[in-house]
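Scroll down for the structure; my scribbles are underneath it.
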Amino acid sequence: MADDKVAILTDDEEEQKRKYVLADPFNGISREPEPPSNETPSSTETSAIPEEEIDWIEKHCVKINNDLLISKVFYFFFYSAYGSLYPLLPVYYKQLGMSPSQSGLLVGIRYFIEFCSAPFWGVVADRFKKGKIVLLFSLLCWVLFNLGIGFVKPATLRCVPKIRPTTHPTNASHQLTILPTNSSFTSFLTISPKMREKRNLLETRLNVSDTVTLPTAPNMNSEPTLQPQTGEITNRMMDLTLNSSTATPVSPGSVTKETTTVIVTTTKSLPSDQVMLVYDQQEVEAIFLVILVVVIIGEFFSASSVTIVDTVTLQYLGKHRDRYGLQRMWGSLGWGLAMLSVGIGIDYTHIEVLIDGKGCKPPEYRNYQIVFIVFGVLMTMALIVATQFRFRYNHFKNDDSKGKEVEIPQVERNNSTESSEETPTTTSHSQAFNFWDLIKLLCSVQYGSVLFVAWFMGFGYGFVFTFLYWHLEDLNGTTTLFGVCSVLSHVSELTAYFFSHKLIELIGHIRVLYIGLACNTARYIYISYLENAWTVLPMEVLQGVTHAAIWAACISYLSAAVPPELRTSAQGILQGLHLGLGRGCGAMIGGVLVNYFGAAATFRGIGMACLVILLLFALIQWLAVPDEEEDKTMLAERIPVPSSPVPIATIDLVQQQTEDVMPRIEPRLPPKKTKHQEEQEDVNKPAWGVSSSPWVTFVYALYQIKEMMQLTRDNRASEIQPLQGTNENRENSPAGRAQPVPCETHSDPSRNQPSPDAAASQTQTSPAHPSVDPCTEESEEQQAQLAAGGH
């Protein structure tokens, strides 16, 4: 029955079948052959659809790769959830009452945990062939542990008077002046307080023992006044026990020892400019420890999700690994849209804060629970989409073995000293030796300086990711501004990712690093002098150069310097330095610096450090690195580049299975041939065409001027003598040395018409000088034609 159906296929159906075959996904994965029963209904249904509808479906739907579509949708939802929450976490921690150092630790420790846990879970997934289970469990941990942070209750706010700069903050000593109504005296009291705070009542019991002196001025109306250093004045009850030990009279009379108890109650609140809001530090410490535990546990179990999805996506792509950026682009699109939408939504939501005390203006706190709700919904959608991923371990194993079989001969061809009949033991020893060679290569001055720049750029990016919005909020920036900044930075990164290889081929890897460091210097110093938060937008465009182009240049530079079998290790080291160690140190060390010096001063300091590193790096590259031709001709490879939030995704995990499909071709220089020589060999180019070589054009112009001057003096055939002279004349003539191939002069009959006498002299001198010039060894028939043309 199936044979009859195949036999009656029309030409149109054959064409449609061919299109379906061509539209098969180009992922390089060998699909298992499906039974013919599944293919037969599809052909029957196709024949039943009208032609116009078939054309529309073919143009819009048939060529869609379902596997890559799942990857695109997952990246969109995952990074939408990530972008809606994680950039705002430092600002959220600030609202909870944490210091910059605490916030930096909570953000920076994630990178170190991801660096350690992502490879661990990747090995577990490959070893037990449970990639989908590990992926789904990881995404579930993303939802649960991050939503737990949103239910943390903020610390209590207290309204306290500002600390005077002249008082001593550690030893609580208060100077109390009391003037009673019956008599006038001034007592200088040294008070050692023991304070007990509650929410609405602060009781201070002061045990005072000091000397009381009677002044001479009588009848002074006075009120009890209190100048405390710390504590709350409103609703305060103070019990003063005055134990006067001695009395020094100034006027006649004496004061005997007495014990007096004075109760002072004040209800007057200070002005708003003399009070400030502080958090209860004990509650802040408790909140910090709770969130730290949640972050450590949650990141350990959830860090492997993006690594696994990247690996599956690269398996779907197969030999078209350069199209990874097209899949990852949807994640950046979702990040920008989610960040902008959430930022606008938060600006219109506020929460009321209960303040312990009076006299302070309530702060405007935003409701960040919306962020956690949006994160939970989007990450749940990513979890649902992740259930559609297909893991083929048998295929991966077969391709891995094939890749090893092809890779070993490639290594043997590269190493001329190794024989082609090496044993597996020798091969493994060679691979270990090559790994140590890689370590030595990366520790050299040339590549070690590049790795240091990669680490420092990661340091700067981690600091900006954590404290840029923190600083903008200090300048009264809104979350809408944060969303606009996110959109600009992601558009800049995408543009830089897709055009970075052309920029590298144009100016080179090292110059791209120069530009990135210079842009970082300008960006950080500009941010440090901001007065209006919205003026930061022009500098957000530099995000693509300072992050994307730098990352692409570093990974391309190292990948082109190491052999293919060690490229995965080199990229892993670079990712660890840039994405893991660099960003983690930037967030944690930057938090300590902001805590001590402030955000503006820290931005300014890191900007100056970028300038110093730029100068040192340029000096090292100028003095210590040889300027070789290989470095100039090194081409940028289109290596898939992960964007900012990818947690150490080993992009080259499937390196072995792609080397046999798409081997790396070393760039070879073309044979050296000047442009002038190519023009001389081109018989179709007219003789009056300008040469591309400037010095040849200049000499040729001088020669033509000299020739025309000779024509004006003597109208006889003097123009042929310089073009076809003897060896002595040609060696002494600079024009003859400049134009070693004057064959093209024959292509212009109007300029090179020989006279009869010259033609006759040529026929006489050419046998005598057979080696004068290849152009003079012409046949007698050609000489006769030239002579005839002269008449």
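From the backbone N, Cα and C atoms, a Cβ is placed for every residue, glycine too.
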Which residue, chosen from T10, T241, T266, is annotated phosphothreonine in Swiss-Prot?
-> T10
Spell out yes or no: are there three or more C-beta pairs under 8 angstroms between the transmembrane segment (105-125) and the transmembrane segment (286-306), with each pair 6 or more apart in sequence?
-> yes
Taking the transmembrane segment (507-527) as reference, the highest number of CB pairs under 8 angstroms among 335-355, 369-389, 450-470 goes to 450-470
Proximity verdict for the transmembrane segment (479-499) and the transmembrane segment (335-355), three or more C-beta pairs under 8 Å | yes
Whether the transmembrane segment (335-355) meets the transmembrane segment (73-93): three or more C-beta pairs under 8 angstroms = yes
Quick one: do the transmembrane segment (369-389) and the transmembrane segment (73-93) have at least 3 Cβ pairs under 8 Å, skipping pairs fewer than 6 apart in sequence?
-> yes
Could you tell me what the rest of the chain brings near the transmembrane segment (605-625), counting residues at least six beyond its ends with Cβ under 8 Å?
-> 445-446, 449, 452-453, 456, 460, 463, 510, 513-514, 517-518, 520-525, 528, 590, 593, 597
Spatial neighbours of the transmembrane segment (579-599) not adjacent in sequence (6+ beyond its ends, CB under 8 Å) are 99-105, 107-112, 114-115, 454-467, 470-471, 474, 605-606, 642, 646-648
